[in-house]
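This report refers to the structure that appears directly beneath it.
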4 protein chains.
Amino acid sequence: MVDHIKVGVLGSGGKVGQAIVDAVRAADDLEFTVGVDRDDPLSDFVDSGTEVVVDFTHPDVVMGNLEFLIASGIHAVVGTTGFDDERISALTTRLADSPSVGVLVAPNFAIGAVLSMRFAQQAAKYFDSVEVIELHHPQKADAPSGTAYRTARLIAEARTAAGVGPSPDATTTELAGARGADVDGVHVHSVRLAGLVAHQEVLLGTQGETLTIRHDSIDRSSFAPGVLLGVREIGSRPGLTVGLDELLDL
Amino acid sequence: MVDHIKVGVLGSGGKVGQAIVDAVRAADDLEFTVGVDRDDPLSDFVDSGTEVVVDFTHPDVVMGNLEFLIASGIHAVVGTTGFDDERISALTTRLADSPSVGVLVAPNFAIGAVLSMRFAQQAAKYFDSVEVIELHHPQKADAPSGTAYRTARLIAEARTAAGVGPSPDATTTELAGARGADVDGVHVHSVRLAGLVAHQEVLLGTQGETLTIRHDSIDRSSFAPGVLLGVREIGSRPGLTVGLDELLDL
Amino acid sequence: MVDHIKVGVLGSGGKVGQAIVDAVRAADDLEFTVGVDRDDPLSDFVDSGTEVVVDFTHPDVVMGNLEFLIASGIHAVVGTTGFDDERISALTTRLADSPSVGVLVAPNFAIGAVLSMRFAQQAAKYFDSVEVIELHHPQKADAPSGTAYRTARLIAEARTAAGVGPSPDATTTELAGARGADVDGVHVHSVRLAGLVAHQEVLLGTQGETLTIRHDSIDRSSFAPGVLLGVREIGSRPGLTVGLDELLDL
Amino acid sequence: MVDHIKVGVLGSGGKVGQAIVDAVRAADDLEFTVGVDRDDPLSDFVDSGTEVVVDFTHPDVVMGNLEFLIASGIHAVVGTTGFDDERISALTTRLADSPSVGVLVAPNFAIGAVLSMRFAQQAAKYFDSVEVIELHHPQKADAPSGTAYRTARLIAEARTAAGVGPSPDATTTELAGARGADVDGVHVHSVRLAGLVAHQEVLLGTQGETLTIRHDSIDRSSFAPGVLLGVREIGSRPGLTVGLDELLDL
């Protein structure tokens with residue numbers, strides 16, 4: 001018989017929190033213990049024997065939450081945003097005192113997004129050309145998307161490290177904007193279209209062939225499988241892990 | 001028994017001309033008569049009983065060619081460029097004197113390109129949003145491509161005529177160029193990538209759904225089926241026809 | 001000043017009905033009058049001065065609903081299924097007595113689906129090859145989808161009518177099923193994948209080029225724009241109209 | 001100053017051989033020494049100080065070629081087919097006596113194809129569903145393609161090794177062939193279309209998101225960049241290397 005991992009959820013009153021509670025409940029190998037929301041005591045996790053807590057709360061409270069969890073010997077999987085270098089450094093220090101506890105902090109739990117970024121990075125140096133197209137719903141305020149921007153930077157870094165030159169481009173006459181934005185030499189195009197949600201294509205090309213890595217996310221629930229993966233793995237990864245891709249076997 | 005259409009080729013010494021000779025020879029319902037190149041007399045077409053001539057030559061000579069063909073009662077299918085309003089008007093005048101002769105002048109004989117432009121135009125008013133992505137080999141000098149530019153203008157005209165407002169767009173923070181070029185309110189994105197030839201996507205979106213019309217051309221021979229279609233139809237279309245789409249049954 | 005069209009909804013208690021009520025309310029040129037559900041009297045539509053009723057109910061009650069509406073001089077836009085030849089014929093008879101009333105019956109109100117089917121039909125005869133790929137969520141019980149089946153039949157009819165032969169296919173060694181299902185000579189492939197909703201691609205190819213018409217529907221709300229289009233048009237289309245494409249200006 | 005790698009070509013009279021000669025000549029860091037065809041002596045490679053030989057010849061002669069090259073201390077990059085277990089074993093034995101010599105044998109030198117296969121294999125276990133669509137020109141005799149078949153088997157192996165169950169599929173009514181061929185539980189669909197060359201899509205899906213890895217090859221020259229990569233790397237890889245992916249830094 002397999003022991004179930006006992007999982008609690010912080011921020012269980014929100015939409016995301018509720019989706020995670022549902023996902024944990026639906027998983028055969030996990031057991032949902034308790035949800036803690038704004039007014040509930042963190043000690044509920046200790047009382048219920050929780051082994052891993054998922055935290056999708058708010059930058060203002062997440063550091064306090066983690067301090068308590070680490071001190072209590074409970075692992076954490078964190079989707080809350082706002083982890084700058086200072087916070088990462090503070091977390092590392094804190095974890096040094098509890099060498100058996102693991103914490104995963106990840107900006108993106110959609111496995112498809114994480115994999116497509118990694119594959120783009122790996123493939124980047126083997127192709128003469130690479131460009132990125134991201135496509136989103138028309139309510140989005142920023143262009144390009146944060147993911148596309150990061151993807152382009154990772155691609156550019158990989159190409160620089162390998163000594164690959166810029167993508168060939170003979171454009172001499174351009175209607176302003178046609179060739180997209182330039183992110184460290186990688187062209188990035190942002191489409192905004194009713195009927196879309198969140199999509200991204202990395203196009204890589206060399207003589208006679210192209211490779212396209214496309215990610216389509218049509219639903220905010222797409223973070224759930226990545227969160228569960230984190231829950232299953234973090235118990236055997238003491239210390240701080242940043243980014244879901246660190247848990248993937250690539 | 002079906003009578004074969006007797007087809008001659010002007011500019012038969014060039015790459016395109018030769019491809020058309022081959023295509024005519026391969027077609028069951030057509031008969032190749034004679035190829036005429038720079039130093040050959042146009043009278044060869046008359047002597048051989050040619051019914052339709054395909055002209056892929058040069059702007060400097062095409063008007064003289066057509067004058068001869070029209071006077072000789074021979075139909076023409078013309079892929080040579082440079083037909084501005086003045087030339088179109090001159091051709092119309094000339095054809096008025098030979099009411100049985102038909103001339104087709106078309107800037108693009110790739111049926112897929114012509115259809116995708118027409119479909120984009122027809123669909124444009126039924127969707128909240130529309131954008132165009134064109135993708136070409138990196139030796140291309142202009143961005144966007146002429147076809148993408150024309151497609152965007154046709155889309156914009158169709159939307160204006162139907163009283164459809166601009167595509168929704170909440171972008172407030174843009175890295176210069178990310179949202180592409182603006183052609184009469186339609187965003188157009190130009191990708192340049194090794195391994196590509198000539199490709200275009202029109203993306204249309206409304207609540208919960210998108211329609212994508214994509215054309216891929218991987219070979220310069222893609223004009224051949226359109227030329228043959230013109231050859232088969234022009235005999236029953238006296239006067240001047242501009243654009244292959246006029247011959248399509250849409 | 002523009003007069004608003006007064007719109008009522010039958011089956012307003014269901015999910016689809018509610019979505020239509022919301023869409024009507026959100027439209028500037030329409031006025032929602034009343035929703036009628038299982039236990040409400042149809043006379044509410046008369047009392048409220050309703051001009052057009054949208055019926056997304058059940059095959060068991062729809063004919064009775066329409067009888068009442070036609071007799072009351074109210075136009076109808078019907079998404080309820082089950083309209084076989086017999087019902088269509090009965091409706092036509094009924095409408096003959098009320099020459100000013102219009103009824104639209106459509107199996108599919110997603111504009112993108114309707115357009116892609118129509119475009120596929122129009123393009124079919126200009127290409128050597130055509131195949132259909134449909135992609136759906138893995139809970140779907142039938143393969144291929146009804147839409148793909150209908151699309152393939154329309155394509156086959158268009159090609160037969162134009163005297164176009166079968167798509168070329170040199171396959172001599174096939175692992176059973178690899179080449180898909182054969183619908184009147186058109187190959188149809190059905191993909192079932194978690195993370196998808198409802199998608200279809202028609203691929204058309206000839207020498208050196210391909211044309212792809214893709215429809216993506218990610219949300220059941222995608223019927224709303226088509227229903228509103230029907231509501232706006234049906235008042236000026238007396239008699240029976242079958243299929244949303246009849247209202248499109250193609 | 002960088003020393004150029006001195007590269008010779010076996011089978012230099014054929015189309016592929018000639019393309020490789022051209023590619024070597026065009027590369028800044030490589031120096032073409034000599035081409036050897038049917039009637040030329042292999043000793044030309046020794047006389048010219050060749051360091052690496054590319055062999056795209058014939059199964060009947062390739063083992064003799066390699067015997068000579070290994071004995072002469074020359075590295076080899078081999079695209080010739082027909083390497084079964086017996087030949088691989090014989091090569092390994094032969095190389096044991098020349099510990100400084102490296103030989104690369106690869107069934108596919110298109111980097112995009114090799115990467116897409118590898119990425120599909122890596123991603124396979126993180127998604128509920130996976131299917132493969134391959135699309136080729138209509139002259140192809142076998143369906144599915146060898147590459148699609150291999151890709152599906154690699155995916156199936158990766159999923160089995162990770163204990164992932166079959167892709168969900170609720171199909172109860174299927175028109176024969178609609179759901180494609182079954183390769184070790186992975187559905188594979190084969191499209192044959194005029195205007196295509198060689199294309200493949202691996203579709204992976206989980207809750208709310210999909211990842212698509214697409215490879216398009218439009219030109220037989222697409223092996224060249226992979227061959228040059230092999231030429232550059234094999235000098236530092238003594239012994240036998242099977243498959244281009246072994247040289248990729250993934």
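Even glycines carry a Cβ here, placed using N, Cα and C.
Because TrEMBL annotations are produced automatically, they should be read as predictions rather than curated entries.
Record features, source TrEMBL:
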type	residues	note
DOMAIN	C:5-109	domain 'Dihydrodipicolinate reductase N-terminal'
BINDING	C:GLY11, C:SER12, C:GLY13, C:GLY14, C:LYS15, C:VAL16, C:ASP37, C:GLY79, C:THR80, C:THR81, C:ALA106, C:PRO107, C:ASN108, C:PHE109	NAD(+) binding site
BINDING	C:ARG38	NADP(+) binding site
DOMAIN	C:112-248	domain 'Dihydrodipicolinate reductase C-terminal'
ACT_SITE	C:HIS136	active site, proton donor/acceptor
BINDING	C:HIS137, C:GLY146, C:THR147	(S)-2,3,4,5-tetrahydrodipicolinate binding site
ACT_SITE	C:LYS140	active site, proton donor
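The binding-site residues C:GLY13, C:GLY146 differ in how many other CB atoms lie within 10 Å of their CB, and the one with the most is C:GLY13. In the three-state DSSP assignment, the secondary structure recorded for C:GLY11 (NAD(+) binding site) is coil. Mean pLDDT for the domain 'Dihydrodipicolinate reductase N-terminal' (C:5-109) in this predicted model: 95. Of all Cβ atoms in the protein chains displayed, 11 besides its own lie within 10 Å of the Cβ of C:LYS15 (NAD(+) binding site). Taking C:ARG38, C:HIS136, C:HIS137, C:LYS140, C:GLY146 as the recorded positions under consideration, the smallest Cα distance to C:ASN108 (NAD(+) binding site) is found for C:GLY146. Note: the CA-CA distance between C:GLY146 ((S)-2,3,4,5-tetrahydrodipicolinate binding site) and C:ALA106 (NAD(+) binding site) rounds to 14 Å.
The recorded positions under consideration are C:GLY11, C:ALA106, C:HIS137, C:LYS140. Their Cβ neighbour counts within 10 Å are lowest for C:HIS137. Across the domain 'Dihydrodipicolinate reductase N-terminal' (C:5-109), the DSSP tally of helix, strand and coil residues reads 42 helix, 25 strand, 38 coil. In sequence order, the recorded positions from C:GLY11, C:THR80, C:HIS137, C:LYS140, C:GLY146, C:THR147 that place a Cβ under 8 angstroms from a chain B Cβ amount to none.
For the recorded site, the residue listed as 'active site, proton donor/acceptor', the DSSP three-state label reads strand.
In sequence order, the recorded positions near chain D, meaning those of C:ALA106, C:HIS136, C:LYS140 whose CB lies under 8 Å from a CB of that chain, are C:LYS140. Cα to Cα, C:HIS136 (active site, proton donor/acceptor) and C:GLY11 (NAD(+) binding site) are separated by 27 Å. Around C:HIS136 (active site, proton donor/acceptor), taking its Cβ as the centre, 24 other Cβ atoms fall within 10 Å, counting all chains. Cα proximity to C:GLY11 (NAD(+) binding site) (within 10 Å) is found for none of the recorded positions C:HIS137, C:LYS140, C:THR147.
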